[in-house]
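K.L.:
Annotations per Swiss-Prot:
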type     : residues : note
SIGNAL   : 1-20     : signal peptide
DOMAIN   : 101-158  : domain 'VWFC'
REGION   : 176-316  : region 'Disordered'
COMPBIAS : 176-186  : compositional bias 'Basic and acidic residues'
COMPBIAS : 212-224  : compositional bias 'Acidic residues'
COMPBIAS : 243-260  : compositional bias 'Basic and acidic residues'
COMPBIAS : 270-291  : compositional bias 'Acidic residues'
REPEAT   : 558-578  : repeat 'LRR 9'
REPEAT   : 632-653  : repeat 'LRR 12'
REPEAT   : 661-684  : repeat 'LRR 13'
Amino acid sequence: MKIAVLFCFFLLIIFQTDFGKNEEIPRKQRRKIYHRRLRKSSTSHKHRSNRQLGIQQTTVFTPVARLPIVNFDYSMEEKFESFSSFPGVESSYNVLPGKKGHCLVKGITMYNKAVWSPEPCTTCLCSDGRVLCDETMCHPQRCPQTVIPEGECCPVCSATVSYSLLSGIALNDRNEFSGDSSEQREPTNLLHKQLPPPQVGMDRIVRKEALQSEEDEEVKEEDTEQKRETPESRNQGQLYSEGDSRGGDRKQRPGEERRLAHQQQRQGREEEEDEEEEGEEGEEDEEDEEDPVRGDMFRMPSRSPLPAPPRGTLRLPSGCSLSYRTISCINAMLTQIPPLTAPQITSLELTGNSIASIPDEAFNGLPNLERLDLSKNNITSSGIGPKAFKLLKKLMRLNMDGNNLIQIPSQLPSTLEELKVNENNLQAIDEESLSDLNQLVTLELEGNNLSEANVNPLAFKPLKSLAYLRLGKNKFRIIPQGLPGSIEELYLENNQIEEITEICFNHTRKINVIVLRYNKIEENRIAPLAWINQENLESIDLSYNKLYHVPSYLPKSLLHLVLLGNQIERIPGYVFGHMEPGLEYLYLSFNKLADDGMDRVSFYGAYHSLRELFLDHNDLKSIPPGIQEMKALHFLRLNNNKIRNILPEEICNAEEDDDSNLEHLHLENNYIKIREIPSYTFSCIRSYSSIVLKPQNIK
């Protein structure tokens, strides 16, 4: 019996010893374990959020696609309608040659499929010459307080960082948020130092609460130990304390000694925690510096969102408004350029005022202007100071349409990419007028008094990057000489051009579009070698000239040929036979084509490639031969002719079982008796709704 009792007592001692050792694990180690768990949980949460974000971004919605917009807090709130769901549009007579389908928006030419945002709430797309715009759809917020950030239209929670944070940063500091450089500059560091992230403060609070709870538990343990003491030990302690007090050597009790020791340990722990926090912050800063931002995107804040800086006040004249970085004073009845001091402004609109002069100091307070619109004013050449634009080192777009200029302003910034001086009274362009504009891409000089007599052949030589030149509504009789080799699109409509010589396009090997409508060109005044060797020329518009035949010696690379409103009576045989890959769009509306003006070889070389053929408003009495052999044809106009009968095999080939690619067939306003058309005449066309037969003329 005694052996069993001793054995149990021995086991009890071993158990208490092990339990005490487990309780005496250093608190510093426990804190490290606790912080390690916090880090693991935070990283796992980040991974989960990243996975969720990736899933949301790759999800495809049908039938209407939506493009999610990811905010700075990695939430997805705003959604835009996709432009891919817009239906196709039938061709019209207002054809812009070239496959690109450009759009003209506020005087700016947008290429096909270009996407831009004219306002913070709107996104637009150029689709085959049409401008399609969508407004942002804002999802409701479930937070108690919402705010609409500057430059945006959807409300966000007040604790969510907005784009206005970036709007308060100067343009020169924008690179710190992009992927162009892995080094961060001082403004970013200052931004983080001035507003410490809340997550660090939360970690400190959690640590202090954990330490406080540990100390409370220790105090409770001490109280329970004191309560467990026997009365004898209490009496002994009282006698001991009384003896000490009588002797004058007052000593502290064991509980007080423990408390003092705990206080010292607590101070040591706090010092160690401060050192650990400083080390952790240093490690986090190093991790932030080592984490490069890739891609052309804004850098996201590494911690919690930062509040937006206060907006500064800017005094504007009556009738003017401020939108993000644009000051708009359209039709504000201004007589002079207002004195403004706003380095953050990048766009200034002064359209439709009565401004007559531009002094040298007009834009001193707007050094970062990128776009300046001075159209529809009364500005004269003598009223522009010689240094008016000299300080605008970042100016890229200048619009001076609809003024009273007689010459191009001098000392324009070399950063200009677009210059518009349409509808003025320009009398000449000399060799120095466009000097130093080697970055200019677009030049528009329509509606002036320019001709080959007052335009120096060397005037366009400095324009090494020029791709888009508009010289319509002037007085040219020949193609201007000295065009730069970089030119891609040339517009010379509404002039008095009579001929096209062999040397006109000798140095313009990149030219893609030539528009010469509303001139006086005859087919025998087009030199055989004028453009036949052009390898990139795809679109030619010779509408409303004096052509009697489809011109020969057309470029091999031609895809679009627009010949509306001439007096064409015949399409010569094999005129398209040399083209590669082949003509795709041929517009011959409003001419004088008759049945004897076309035969089967007239379209030789284009049977495999022709997609649109316009033969409306002519003198045809029957379906032209070879239509059923045009396998790629999608759009055929034969309306407003004199057609009376449609033979069964003129549209569909009875020997072939495949459906035709025809999507639009116009036969209205002829003399066809619809009831007499055989039922299988249009059997190869997939949908009868694609055929327009009504109304018909009665005679």
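Note that Cβ sites are derived from N, Cα and C of the backbone, with glycine treated the same way.
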K.L.:
By DSSP assignment, list the helix, strand and coil residue numbers for the repeat 'LRR 9' (558-578), in that order.
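P.N.:
Across the repeat 'LRR 9' (558-578), DSSP assigns the residues as follows: 0 helix, 4 strand, 17 coil.
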K.L.:
By Cβ distance under 8 Å, which residues at least 6 away from the ends of the repeat 'LRR 12' (632-653) in the same chain are close to it?
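P.N.:
Result: 90-91, 584, 589, 608-623, 660-673, 676-678, 680-685, 692.
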K.L.:
Mean pLDDT, the repeat 'LRR 13' (661-684)?
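P.N.:
Across the repeat 'LRR 13' (661-684), the average pLDDT comes out at 91.
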K.L.:
Could you give me three numbers for the repeat 'LRR 13' (661-684), the DSSP helix, strand and coil residue counts?
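P.N.:
Tallied per class, the repeat 'LRR 13' (661-684) gives 3 helix, 3 strand, 18 coil.
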